[in-house]
Every structure is written in C-alpha cells, then in structure tokens.
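Q: Here's the feature list from TrEMBL:
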type	residues	note
ACT_SITE	254	active site, nucleophile
BINDING	94, 203, 440	Zn(2+) binding site
DOMAIN	2-442	domain 'Neutral/alkaline non-lysosomal ceramidase N-terminal'
C-alpha cells in the first residue's frame, strides 16, 4: 500500500520554424502541429511518506542535462528536500518529432542552431507542472505489475551488428530485439483507476525525417488511445487517468517493420552497409507497416496500446515493499573495466565515428558515409583536421578500430561538445527497480 499521485501537463513549445530533435537533419524544421506533447508524472511514496520516488515520461527526444538541472533547481525552491537528484527520474519518450534547442552541449546545438529558449522553457515548465499536479493529488493506493510479449511492432535496425555478439549470449534470447512489455498499474484504495506506466523497446520513428509536424509518434499515439479510453468524453490531454508509454532499451529497435529498401528502386538494402546499388547509403530507408508514415504511426501505436491494455486489465501481481533511490555522477571518460583476472581496460573521451555520420535505416545521414565502417575516409579526415583539429593519439588508440570523425570529447570551443560526466540513478519500488541511464541501450 502506497501513496500515489499522477499528473499530466502540456510541454509542446514552439511548432513553427524550430529545428526538430532526433534525426539531426538541419532541413527538418517544424511546420505545424500534428499532436500536442505532454509530460506525465507519477509520484509513489511509502505509507508513512518517509520515502518518495518520482517518475516522469515526457514526449521529447531526450532529457538534456540542462533540463534536468533546471527542473531540480526549481523543485528545490518549491519543495525543499522532498524532490531531489536521487529520487526524481526524468525520461524522454524519444520521439524524433519534437522541438530541439534545449541542450547545453555544443554537439546538440549544431542541428538546432543554438539554444532555443521557448523550447527549453516549455519542456521545463511542462515537467514541473505535471509533477505539481501529481503532488497535489496524492492518495492511498496499490500498484500492480504485469509483463507480456508484443509482436509485429519492431525490427532490429542493425541485425549484422547483433550477429557480432557471442553465440552464447544470443542463445539466451528468442529474438534479436527485446519484445517484452512491462506495465505498472496504479489504482487508489477504492479500486479507482489512476494511471499506468508501460516500458517497451521501440524507437518512436514511425514518422520519418521528411516530417515537419510536431508530434509524439507511435508511443504518444498509444498514450492518446489509452487515455481516451479511460477518460471517457474528455478532450485529449484532459481527464484524471494518466498513461505513459516510456522508453526502455530501444537502441537498435526500429518500428519500421518492412525493413530497409532503396527509395529509388524499391529493392532491399538489408546489408551490413545499408547501401543501395544506385545512390549508395543515402537511398536506403526503412518503411513501416502502413502506406505512409501517418498510417504506420497509427498501426504501431495501436499494437502497443492493445498489448498494454490487455496486460493492464489482467494485472494481478501486486508490488509491495519499501521505496529507495540512489544517484551517482560518473566520469564516463575514465572508468576501468576488468575483462578478466589479468586484463583491465578503460573507457575514453567521447568521439563520433564515421559510421555515426551514416545515420540509420530510420534516417540516413548526408554524403557518402556507410554504417559499420572501420576505415576512415582521407578526404573527411583532412577536412576535420583543418577545421576542428586532429584527434589525439590517445583517443585514436582508445577507440580503435572505430575511425574517429569528430573527437567531441577533446573539443571545447565555444563550449564543451559532449558530456563526459553523466548521471546514473536507480529507484526501487518494492520488487521493481527502475534504472535511469543517459543512453540508448540495445
């Protein structure tokens, strides 16, 4: 038995002439609105209210360090030590169709052409407002957990990379993607339904990089369907029931289930370089199950919603036990890892490889870069050396065999380009542990 609160608030921000965040395509600027973006907050406290955990899922590309620091600062000024670095988890759904410009590192400023204050403010204000609403609506309630398998909604977008994993590891899984959905159901002590959090691995990129309408993509559509179902007769974004479809280990998971095909010829480009015979890698794009990206978004969103609803209705395993949370800053450019008794390696400063510039089958990069390249390109290396400086020998050796395109960890002008110190968190609610890590895990 816990104290539970749920809240939802708009965090849409500017929808016109603002670069969208996700595909890193400077041509992709907002040209209107398809669906509004929301922040959804869930507060769980133990019965005597000695421990609290806040989980927020916002319809944005990802939570930036800047957003997180600002949210925590404002929570502190309003609530004192109640909501802190260790017990507030902020998560982005990872839609690639939300406004950009709310970051603090140079790398993320390039495609959004700098800091966009209206973007930053709307994300921060939306998150805070959703937490405020949840805080004001705390009531006694119960938590239930359930899990199941979602079919026909994802493919591995790097199947050739996946095959490089050791056979003993691959044999533990039935598929090259994680198909498990985990849902957390919240009801008050009278059995009144409060909300749900669903975690499922899929990239919200059913809307591709030709899209110019701000929207929450497939997982946002699943939230919309669930909330419309539970808040009968209410407009979208209104009503007391809150349904979040949060991101999990979606690093290599695409919703574009028909796989990669060449835009010019229609033939498959499912090869290690994701390259087409005519036009190379720039022509290779994955397609969803629908006739266009709008229909694909609906189909995938509907699939995710249907499974979540089924798991929610049948959820009978109750979550009980104490709450706890922990937070740590980790310098990711200097972590030692013991491979075996005699061999220790260490992590390095961040750097982007040539393959990074190729993009993915969900959104290809520019120029002639290909995925999986272990050779640098003399032309681009020379351009880099002239404009940005050559990577140090230490960084080159540390990243080997990855050829470095941009040594972002060594670039500090006009501001640092890439974070090397990041936060990691864990929150335990009875038998459920939520791990918060700044990355896309496969």
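Keep in mind that glycine also has a Cβ here, set from the backbone N, Cα and C atoms.
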Q: CB neighbours of residue 440 (Zn(2+) binding site) within 10 A?
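A: Residue 440 (Zn(2+) binding site) is surrounded by 15 other Cβ atoms within 10 Å.
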Q: Could you measure between residue 203 (Zn(2+) binding site) and the residue listed as 'active site, nucleophile' for me? Cα positions, answer in whole angstrom.
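A: So the alpha carbons of residue 203 (Zn(2+) binding site) and the residue listed as 'active site, nucleophile' sit roughly 5 Å from each other.
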Q: So of 94, 203, which of the binding-site residues has the fewest other Cβ atoms within 10 Å around its own Cβ?
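A: Counting other Cβ atoms within 10 Å of each of the binding-site residues 94, 203, the minimum falls on 94.
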Q: Determine which residues of the same chain, besides 94, 203, 440, have their CB within 8 A of the center of the CB atoms at the recorded Zn(2+) site, and list them by sequence.
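A: So the additional residues around the site are 204, 205, 247, 250, 251, 253.
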Q: Between the residue listed as 'active site, nucleophile' and residue 94 (Zn(2+) binding site), how many Å separate their Cα atoms?
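A: Rounded to the nearest whole number, the Cα-Cα distance is 12 Å.
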